[in-house]
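Structure first, then comments.
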Amino acid sequence: MQRYNSTYVVKRDGRKEDVHFDKITSRIQKLSYGLNMDFVDPVAVAIKVISGLYKGVTTVELDNLAAETAASMTTQHPEYALLAARIAVSNLHKKTNKVFSEVMKTLHEFHHPHTGKHAPMISDETWAIIEKNADKLNSAIVYDRDYSYTYFGFKTLERSYLLKINKEIVERPQQMLMRVSIGIHGDDITSAIETYNLMSERYMTHASPTLFNSGTCRPQMSSCFLLTMSEDSILGIYDTLKQCALISKSAGGIGLNVHKIRATGSVIAGTNGTSNGLIPMLRVYNNTARYVDQGGNKRPGAFAIYLEPWHADIFEFVSLRKNTGPEEERARDLFLALWIPDLFMKRVEKDQEWSLMCPCECPGLDDCWGEEFEALYAKYEAEGRVRKTVKARKLWEHIVSNQIETGLPYITYKDAANRKSNQQNLGTIKCSNLCTEIIEYSAPDEIAVCNLASIALNRYVTPEKKFDFVKLAEVTKVITRNLNKIIDVNYYPVEEARNSNMRHRPIGLGVQGLADCFMLMRYPFTSAEARDLNKRIFETIYYAALEASCELAELNGPYSTYEGSPVSKGQLQFDMWGVTPTDQCDWATLRKKIAKHGIRNSLLMAPMPTASTAQILGNNESIEPYTSNIYSRRVLSGDFQIVNPHMLKDLVERGLWTDEMKNRLIANNGSIQNIDGIPSDIKELYRTVWEISQKDIIEMAADRGAYIDQSQSLNIHMAKPSYAGITSMHFYGWKKGLKTGMYYLRTKPAVNAVQFTVDKNALKTNQQAETPATVAESQDEGCLMCSG
């Protein structure tokens, strides 16, 4: 019998081999190419790996340990995250087939392990195209690009995005991107490879449902679905519930308005009984959201429920997420949202009375907006059809106190959403979506749908610190064409969704990495230069998307309900805001083209949260500033340490990055504002969201809003929330004309989770111990459905 020393590894083929420190070190060194070796130490990683070994460890487990070890050293230098990812990617590459077409064949030929039935994981159509074009597609893939992901990004891909057989990943990231591209473009191989390259080089990404499902047997690639309750009856309520379940099963996020459901105590004509109102019904929806988890626990189901503040059950509705109170009055898995008419805000401002009504007794309030709504509401008040009269500020205080406790409800403005919508010719828009960036018309026979993608703005900053608007416009046009194609090839879980999407053809372009873009340009987030760039970026995207949509209309005709829309009358989004665009784009020529050909898509712009896809690409989310410069983040795939890589690079170049500096940063909860020795220009550039005026954030949202024909997921951050402060922010946003006043209210925890391993008293001396983790505000993971 062969003897082994006390520690051996088990190779992939089952052979046993003695552990060799030099071999481990050599492998880590090979994967450290191009990294800053003044700060990345392969030997230090290898020493830690050796100390964690046990007898019989497999080489796969050894690689996982090495990757996690490198990831744990990210707070020393951000390039450890790249090294960690390279080790993990190398491990995956060893386990998977490098030939794209062969991997797709394996996925197509998959048989159910228990029944033996053919259960293909990619569609017959997708496989036929790949088989026919195998050589061209195989040679187009650049596997080295897998090594450009950060560890955090790669682990996110592993957890939810790469296809698995019997729980084993068989797909590489580059193969996933090519599958997605073929699923969108079919046999248009040139366009598929173009899309693959743009995603692979991280200029843009399609939304999570598209990455999950493109090319599969059920290619449900849409992110957002907006529903109106079909009718106020048992049949209507449960029909709508079934629709929500089918959509959620297919990875769609849901926005549902319940304005028309009668209030508590209303008479039920058929049985001569009385209604239990909204709350018991919403608890049923809550349980459905918990039960339907989008297949294999990829993501929990998520429903946002919208209600107008005149509804007689409004006080109970707003309290649904409270941590205390009777369980039968709570629905903590629903996301609550208010659809607020201007009249309510005016009455709060003037400290006037507010009347609560039942939609059964006061019909039509949800079917109109603006002056028509105000006239009907006043008519019902005059006729005495009111259930209850309260001070408007009493309800407002109730809303704000719940926001302080739970971060909800979302605030969306009904009149701004309708007044500035290109879909206003369809009827009254009654709600937004799960993440408050989609503003689309829905009806009992129409479920609004939106397909999303986001542009990684950091990629458009040149080495000379110039912003490449030409490339931005070029990529925007590709995305617009892609999203338009998805409308046609998409699988629709319910027919009402197909009906709506085919008629109106809305799409949603968003961004990620705006904060990274500003940092690369050396612009503090709210500086004059950043504000100007913010406007020009969104003007460019809107212009390019309109131009691409017009070119599609020239080929295929405008969308079915184009006539009568504001754009058909020459009214573009910035016209509705009363804003004059810059001279950067040739708007006069584009207006003439649109007047002649129309546009193919009713809506184009919708900056979404990008929670998951920004993690994959290593960017800060969406339009948000950084929340901290150093923190741990808990997501589905585990706990990861995140360091602001731009700041680290600056501190390293100036010789300021030391263990002591790292621990000062942790002790200051990710802020550098009070750390001595850091130059003022660095402090200004790396202000966290807690150190930026929220008034400035709202102003920048309004600036870009003139070019956003849907809306934007706008969070409000307040370290110490107060009634006065939140009220001030809401009224400022409303008066600025925002459609979405607030997505979440983000607050700091009462006690900051500073790691106990950091001894504040020892900060003046050299630190001896490695700090294993970092600090951050505690927040939910964010919406993954809308992650564009």
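Cβ atoms here come from the backbone N, Cα and C positions, even for glycine.
Copied from Swiss-Prot, the annotated features are:
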- 7-98: domain 'ATP-cone' (DOMAIN)
- K11, R12, E17, D18, V19, H20, F21, D22, K23, T59, D63: ATP binding site (BINDING)
- S208, S223, N433, E437, T610, A611, S612, T613: GDP binding site (BINDING)
- C224-C450: disulfide bond (DISULFID)
- C224: site 'Important for hydrogen atom transfer' (SITE)
- D232, S233, I234, K249, R262, A269, G270: dTTP binding site (BINDING)
- N433: active site, proton acceptor (ACT_SITE)
- C435: active site, cysteine radical intermediate (ACT_SITE)
- E437: active site, proton acceptor (ACT_SITE)
- C450: site 'Important for hydrogen atom transfer' (SITE)
- Y743: site 'Important for electron transfer' (SITE)
- Y744: site 'Important for electron transfer' (SITE)
Should any of the recorded positions D63, S233, K249, Y744 have a Cα within 10 Å of the Cα of E437 (GDP binding site), which are they? none
If we take the Cα of C224 (disulfide bond) and draw a 10 Å sphere, the recorded positions of R262, N433, C435 inside it are N433, C435
Cβ neighbour count within 10 Å, max among the recorded positions C224, I234, A269, C435, A611, goes to C435
DSSP on C450 (disulfide bond), three-state: which is it? strand
Cα-nearest neighbour of A611 (GDP binding site) within the listed binding-site residues, F21, I234, K249, R262: K249
Rounded to an integer, what is the Cα-Cα distance in Å between C450 (disulfide bond) and K23 (ATP binding site)? 51
Under DSSP, is C224 (disulfide bond) part of a helix or a strand, or is it coil? strand
The answer, for which of the recorded positions F21, Y743 has its Cβ ringed by the most other Cβ atoms inside 10 Å, is Y743
DSSP-wise, what's the residue breakdown of the domain 'ATP-cone' (7-98) into helix, strand and coil? 51 helix, 8 strand, 33 coil
Grab the GDP binding residues from the record (S208, S223, N433, E437, T610, A611, S612, T613) and give me their largest CA-CA distance in Å. 19
Which Cβ among the binding-site residues (D232, E437) has the fewest C-beta neighbours inside 10 Å? D232
Sparsest-packed of the listed binding-site residues (S208, S233, N433, T610, T613) - C-beta count within 10 angstroms: S233
What's the most sparsely packed of the binding-site residues K23, K249, counting other C-beta atoms within 10 A? K23
The rounded CA-CA distance in Å from F21 (ATP binding site) to Y743 (site 'Important for electron transfer') is 51
What whole-number Å value do you get for the CA-CA distance of S233 (dTTP binding site) and N433 (GDP binding site)? 23
How big is the gap, in Å, between the Cα of Y744 (site 'Important for electron transfer') and that of T610 (GDP binding site), rounded to a whole number? 14
State the Cα to Cα distance, in Å, between N433 (GDP binding site) and R262 (dTTP binding site), rounded to an integer. 22
